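What follows is a single structure, written as structure tokens, with notes after it.
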Amino acid sequence: MTEIQSSGLKKEPQTDDLLALAKEKLTRGNELKEQGMEQESIACYKKAIALKPDFIQPIYQLGEIYHQQKKYFEAARCYRKIIGLRSNSHSAYIKLAGTLKMQGKVYGAIAALAEAIEIKQDLHPGVYRDYGDLLSQVNNTNSDAIAAYQQAADMKSDWGADFYNKFANLLEKQGELNQATIYYLKALNLRGNNHKQYLNVGNIYFKQGLLKEAVGNYQRALELNPNFSKAYKKLGDVLKQMNQLDDAIRCYQRALEIQPNFRVVYRSLGNVLMKQGKESEAQLCYQKAG
């Protein structure tokens, strides 16, 4: 009999034994999580972590539950712990970005996604979309947001209209009108009965000087929604540029019938009236424009 055995002291569990026990707690935690017993599953995950502090899976599961419970600070702490243990875990950076985003920490979320992309370039297209969404919220990062959206668009060809509209809007702001047109038209193909989509397409054609195409899209928007004051305003703008002043006036007047406090329309109407030499009527419009 050894000295330890004779003294009655217990042998310390070996690393493999601790890992086996931790895995048991993880398995039980997963079962409880599936049953909707979140607090009980949290307790199991914490026991697994206490047994094996560098065991990634229970930390990950704990972060997931905290995120579902909207305990974003606690979730972020879990994902940071994983990153501390495994610095090349792109999935932990992605999860961390999600929790930081929910806390309104946009710059932190951007940094986390940038790390994930640096580690693994061929991530799910949704990661690049989310990266673009975040970048578009920050000043002076439109070109980076466009690059992220472009990557998402290249990887996946069946995005929804919201994605294509956001991408097109950024391209339009950057002056990339031809590319913006492509993505506005993709959105239009998905929402062919949406009056706002025709307004978007009309606007991008107008910016490119494609006046007839712009008119056609504004008219289609008005067919779908006869009370769409913005479309009347934009149609009036195009008709004014085409020197169809009487038609432009009718469009502006109709916009004001629908939306009497549409001040910018009073100014546009005043400009057309002034162009026709109707100064007194124009001055009344300017007064209402404020």
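Heads up, the Cβ atoms here are built off N, Cα and C, so glycines get one too.
If you check TrEMBL, you get these features:
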type	residues	note
REPEAT	56-89	repeat 'TPR'
REPEAT	161-194	repeat 'TPR'
REPEAT	195-228	repeat 'TPR'
REPEAT	229-262	repeat 'TPR'
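Across the repeat 'TPR' (161-194), the DSSP tally of helix, strand and coil residues reads 27 helix, 0 strand, 7 coil. Residues 161, 165, 168, 172, 177-178, 180-181, 184-185, 187-188, 234-235, 237-239, 241-242, 258 of the same chain lie 6+ residues outside the repeat 'TPR' (195-228) yet bring a C-beta within less than 8 angstroms of a C-beta in it. DSSP assignment over the repeat 'TPR' (56-89) gives 27 helix, 0 strand, 7 coil. When DSSP labels each residue, the repeat 'TPR' (195-228) comes out as 27 helix, 0 strand, 7 coil, counted as helix, strand and coil in that order.
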